[in-house]
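**Q** Pulled from Swiss-Prot, these are the listed features:
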type: BINDING; residues: R25, E87, K130, K467; note: (6S)-5-formyl-5,6,7,8-tetrahydrofolate binding site
type: BINDING; residues: 236-241, 255-261, 280-283; note: GTP binding site
type: BINDING; residues: N236, T255, I257, T260; note: K(+) binding site
type: BINDING; residues: S240, T261; note: Mg(2+) binding site
type: DOMAIN; residues: 226-389; note: domain 'TrmE-type G'
Amino acid sequence: MLATDSDPIVAIATASGRGGIGVVRISLGRAGEAAALALSDALCGARLTPRHASYVPFLDGAGEPLDRGIALYFPAPHSYTGEHVLELQGHGGPIVLQLVLQRCLDAGRAYGLRLAEPGEFTRRAFLNDKLDLAQAEAVADLIEASTEAAARSAGRSLDGAFSRDIHALVDDVIALRMLVEATLDFPEEEIDFLEAADARGKLAHIRERLAHVLGDARQGALLREGLSVVLAGQPNVGKSSLLNALAGAELAIVTPIAGTTRDKVAQTIQVEGIPLHIIDTAGLRETEDEVEKIGIARTWGEIERADVVLHLLDARSGLGPDDEAIAARFPAGVPVVRVLNKTDLTEAPASVARVGSGAERADLCEVRLSAKRGDGIDLLRGELLRIAGWQAGAESVYLARERHLIALRAAQAHVARAAEHADQNAQALDLFAEELRLAQEQLNSITGEFSSDDLLGVIFSRFCIGK
């Protein structure tokens, strides 16, 4: 904990701009109850009753009202931060909020009151055991949620669903570690603690439960991050038309002139609550046009960063030599969907089929559709969800971040290595115990029982000021 973590802090807790209500929040840190009572007198002209809403004037230094609104006092530890907290809820104009904020700073100068840093209120909630780290991150995820599914999943994380699963896993690992340690510490007793307690069965249960939690976390990470989908192919195969069809709006210019799209056009759409970041790119071809060359170079950059590439072809001509040359340059680790567009000109029905061959593209899928008429668009959306690994109706999903997935995969690897050492050889048992300890350490890092100050700084710096 840093020395500044106990400073009294203040910030505007509502979004910038104009609104019906604006909130100024004060958390008093080491200044405590005496400062809370003194500030309520100075700011509101009255002692506030704990956990009661009082309609009061917000006073300037001369005792004149700056605004009128609701004032609340939450004594420690029953507050968001676990400290004594004052909230002033007035009108949401930027000028009046700044005046109230400055008045708070002036009135609290004697107590060392300062402006809060981004995420500092939630950081204090974490440090004071009001939230664990996964719940604290869920606060930011709930604020930033771009879909209903993401918001509901963030709410489940904030409610502690993710944390409860992690704590249950940690408890199981600790219980198994105790058996291993007992066997190592009391060899003279000749008691097979591991065999008596079915240690291998417990380890299998941990592995099964860990795989389940990791699966849910992957779903949650997909809700949070979405999928980057790049439309690639030769000019004039209908990439812009497909973007418009997927988005349900005219976002890109569509003309019969090859090379119309010179730079990327991006749009985020929702499919079953999953954000799909669709990127239309410049057509891939040999050209002497310098501007078009720049656009083509950017296209390949987008392809390198993509989660999925939609390789568009003209359904009338199919996969030609130039298309094969383009496909050969696609990164091996990026899933590709071959999209044969313009089926309205061939009268072929919309369809989806697996056409993969070879090790690199064994799961290659081919979708036939008409972006112009909308035929087959739902088939393509379904294929994108399949590639993403989304399981429809995943009601228990909680929002997760990349660091959570990394920690869960690392824990899974340590538990797998522990299973390799699950015999009665003393040296193997030492390794068994160490792998379990490392797995526990990874799981604890998710909820913050084991976290570096650097990690905490990065997480909370991404919050808004008033949180």
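Positions of Cβ are set from backbone N, Cα and C atoms, glycine also.
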**Q** Between C-alpha atoms, which of these binding-site residues comes nearest to S240 (Mg(2+) binding site): R25, K130, A282?
**A** A282
**Q** Counting across all protein chains present, how many other Cβ atoms fall within 10 Å of the Cβ of K130 ((6S)-5-formyl-5,6,7,8-tetrahydrofolate binding site)?
**A** 18
**Q** Can you tell which of R25, E87, S240, A282 has the least company, meaning the fewest other C-beta atoms within 10 angstroms of its C-beta, among these binding-site residues?
**A** E87
**Q** Between K130 ((6S)-5-formyl-5,6,7,8-tetrahydrofolate binding site) and K239 (GTP binding site), how far is it from one CA atom to the other, in Å?
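**A** So the alpha carbons of K130 ((6S)-5-formyl-5,6,7,8-tetrahydrofolate binding site) and K239 (GTP binding site) sit roughly 50 Å from each other.
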**Q** Measuring Cα to Cα, how far is R25 ((6S)-5-formyl-5,6,7,8-tetrahydrofolate binding site) from N236 (GTP binding site) in Å?
**A** 56
**Q** What's the CA-CA gap between A282 (GTP binding site) and E87 ((6S)-5-formyl-5,6,7,8-tetrahydrofolate binding site) in angstrom, rounded?
**A** 52
**Q** Cα-Cα separation of E87 ((6S)-5-formyl-5,6,7,8-tetrahydrofolate binding site) and K239 (GTP binding site), in Å?
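**A** That comes out at 52 Å between the alpha carbons.
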